[in-house]
Amino acid sequence: MGLQACLLGLFALILSGKCSYSPEPDQRRTLPPGWVSLGRADPEEELSLTFALRQQNLERLSELVQAVSDPNSPQYGKYLTLENVADLVRPSPLTLHMVQKWLLAAGAQKCHSVITQDFLTCWLSIRQAELLLPGAEFHHYVGGPTETHVVRSPRPYQLPQALAPHVDFVGGLHRFPPTSSLRQRPEPQVTGTVGLHLGVTPSVIRKRYNLTSQDVGSGTSNNSQACAQFLEQYFHDSDLAQFMRLFGGNFAHQASVTRVVGQQGRGRAGIEASLDVQYLMSAGANISTWVYSSPGRHEGQEPFLQWLMLLSNESALPHVHTVSYGDEEDSLSSAYIQRVNTELMKAAARGLTLLFASGDSGAGCWSVSGRHQFRPTFPASSPYVTTVGGTSFQEPFLITNEIVDYISGGGFSNVFPRPSYQEEAVAKFLSSSPHLPPSGYFNASGRAYPDVAALSDGYWVVSNRVPIPWVSGTSASTPVFGGLLSLINEHRILSGRPPLGFLNPRLYQQHGAGLFDVTHGCHASCLDEEVEGQGFCSGPGWDPVTGWGTPNFPALLKTLLNP
């Protein structure tokens with residue numbers, strides 16, 4: 001049947017299931033650990049679905065990202081505005097017409113878009129949604145650390161073939177909330193009586209990374225930073241104030257968040273949210289801080305998509321964003337990964353520095369056709385973000401050199417090819433590492449991560465008015481590195497320079513300048529006879545465990561201040 005026939009009587013064909021296709025045939029629909037089905041949803045219950053509309057001129061967008069992010073380019077630092085991006089990638093008039101006509105025929109109501117017009121979120125009843133998306137069958141689920149309730153479909157959905165050139169995917173059907181890169185470890189035993197610290201605090205971080213009491217924001221520049229929270233994770237201002245009273249006495253700081261974008265609940269504070277806010281604001285001290293709160297409170301919402309749409313709907317944004325969440329690449333559809341990667345590319349074009357935690361499963365492990373392979377995570381594997389790994393002190397209670405934190409995520413993407421900016425560094429690692437795992441375990445030609453690292457082991461956090469020790473994970477290292485980049489942006493802005501923007505092209509050109517090289521330790525992987533639980537190992541220069549290393553702030557400031 002030809003396209004013209006599919007266009008005729010479009011809604012009737014939806015109902016009959018003819019001329020249809022699956023946008024996400026590879027989307028995993030198995031139930032994640034810790035989630036339980038509560039049965040079919042009421043047909044009259046409402047949910048929201050997000051339709052990702054096909055964008056234009058993505059090759060040109062990629063070229064512009066390279067131009068504004070490469071210090072050797074005459075376009076370096078000349079970032080696009082949101083309006084520039086919208087004009088470039090906005091869906092075609094035909095796409096907008098086709099999708100809106102289809103939704104109107106299905107009875108979708110209360111639809112709203114974003115400035116770029118490439119996401120459309122609509123409210124429908126379960127009955128309408130199942131008619132609109134043949135094959136979908138909505139169920140209630142509960143799970144996650146906060147017993148979150150969601151509505152998802154365990155079955156694949158179909159779209160009319162006529163929409164294939166116009167819709168990338170529909171959000172709110174399959175993907176469960178992303179997982180956090182956060183762990184709480186048992187308190188280590190102190191041997192002997194001399195210890196310089198009993199856990200990582202802002203003063204420990206500032207001493208290790210060579211910050212002085214003067215390394216704080218001015219409080220007057222047009223500089224800001226942000227972190228994103230999901231899974232109904234909330235912070236409390238009272239916890240932040242107590243944290244600063246306990247640990248912020250030797251540097252100027254702000255004791256409250258400047259702005260919350262989204263919904264900030266009034267329930268118990270989450271350790272994840274508390275950690276992110278407290279260490280972003282103590283590392284990036286005295287800098288205006290936003291919190292993006294995308295709880296996914298309504299059962300049909302995907303919180304990560306909510307966050308991306310918030311970025312696409314505001315012209316003036318913080319310069320640095322840190323995110324401590326992710327999923328295994330293989331758990332997500334190709335359509336979803338590619339579209340999210342495009343959204344991250346759009347952020348890079350606008351001069352945003354996006355930092356993602358590398359994860360807390362080492363190289364990861366899963367079985368493919370009966371054989372173990374390492375398991376990369378996304379968005380850590382995106383070529384348009386700076387990914388942060390984790391380290392530990394070589395001597396647990398001394399502020400010493402750092403070694404690999406064995407849970408620090410890292411590896412090679414199975415989706416994205418190696419970007420040109422890291423070609424030299426990764427090729428050198430692959431040719432010189434004495435402890436390389438067998439080639440069948442990883443995709444040596446993929447985007448390699450992390451790019452940098454910071455301490456990730458043994459943090460103190462205040463949550464619900466209680467100081468909590470030994471919180472660990474790349475959820476800790478990511479806001480720390482982000483805060484230090486915000487301090488560098490402060491110097492750049494005050495001297496009339498643009499903010500750093502997408503950091504990786506510059507980072508790899510500078511070959512680790514301004515960073516402490518971490519050369520000892522390996523991270524975890526598959527527990528089998530061939531690799532015996534060992535993934536990749538660190539070494540001189542870049543490696544897929546700690547990237548280029550951890551920040552030496554005065555040297556990193558000098559390296560990144562010019563041009």
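Count begins at 1; order follows the chain as displayed.
Backbone N, Cα and C define each Cβ position, glycine as well.
Among the features that Swiss-Prot reports, active site, charge relay system is placed at Glu272 (among others), with the record citing similarity to another entry. The number of other CB atoms found within 10 A of the CB of Glu272 (active site, charge relay system), across every protein chain shown, is 27. Secondary structure at Glu272 (active site, charge relay system), as computed by DSSP, is helix.
Less than 8 angstroms from the CB of Asp276 (active site, charge relay system) sit Cys227, Gln229, Phe235, Thr322, Ser324, Ser475, Thr478, Pro479, each of them six or more residues away in the same chain. Residues annotated as active site, charge relay system in Swiss-Prot: Asp276 (among others).
Per Swiss-Prot, active site, charge relay system is recorded for Ser475 (among others).
According to Swiss-Prot, the Ca(2+) binding site annotation covers Asp517, Val518, Gly539, Gly541, Asp543. Counting only same-chain residues at least 6 apart in sequence, those with a Cβ under 8 Å from the Cβ of Val518 (Ca(2+) binding site) are Thr391, Glu402, Ile403, Val404, Ala453, Ser538, Asp543, Val545, Thr546, Gly549, Thr550.
Annotated N-linked glycosylation site per Swiss-Prot: Asn210 (among others), in sequence order. Counting only same-chain residues six or more apart in sequence, the Cβ atoms lying under 8 angstroms from the Cβ of Asn210 (N-linked glycosylation site) belong to Asn552, Phe553, Pro554, Ala555.
In sequence order, Ile493 are the residues near Asn222 (N-linked glycosylation site), counting only same-chain partners six or more apart with C-beta under 8 A. Marked as N-linked glycosylation site by Swiss-Prot on the basis of sequence analysis: Asn222 (among others).
DSSP gives Asn286 (N-linked glycosylation site) a coil state; it is part of no helix or strand. Annotation comment: Swiss-Prot describes Asn286 (among others) as N-linked glycosylation site.
The N-linked glycosylation site feature in Swiss-Prot is assigned to Asn313 (among others); the stated evidence is sequence analysis. DSSP gives Asn313 (N-linked glycosylation site) a coil state; it is part of no helix or strand. Non-local contacts of Asn313 (N-linked glycosylation site) by the CB criterion (under 8 A, 6+ apart in sequence, same chain) comprise Val114, Ile115.
Residues or ranges marked as N-linked glycosylation site by Swiss-Prot on the basis of sequence analysis: Asn443 (among others). If you draw a 10 Å sphere around the CB of Asn443 (N-linked glycosylation site), it holds 19 other CB atoms from the protein chains shown.
For 1-19, the entry in Swiss-Prot reads signal peptide, with the evidence type similarity to another entry.
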Densest Cβ neighbourhood among Gly539, Gly541 (binding-site residues), 10 Å radius: Gly539
Lowest local Cβ density among Asp517, Asp543, which the record lists as binding-site residues, within 10 Å: Asp517
Count of other CB atoms lying within 10 Å of the CB belonging to Ser475 (active site, charge relay system): 29
Near-site residues: Ca(2+), ref Asp517, Val518, Gly539, Gly541, Asp543, CB cutoff 8 A to centroid: Gly512, Thr519, Ser538, Pro540, Trp542, Thr546, Trp548, Gly549
Cβ-Cβ distance under 8 Å to Asn286 (N-linked glycosylation site), same chain, at least six residues away: Val216, Gly217, Ser218, Gly219, Phe251, Ala252, His253, Gln254
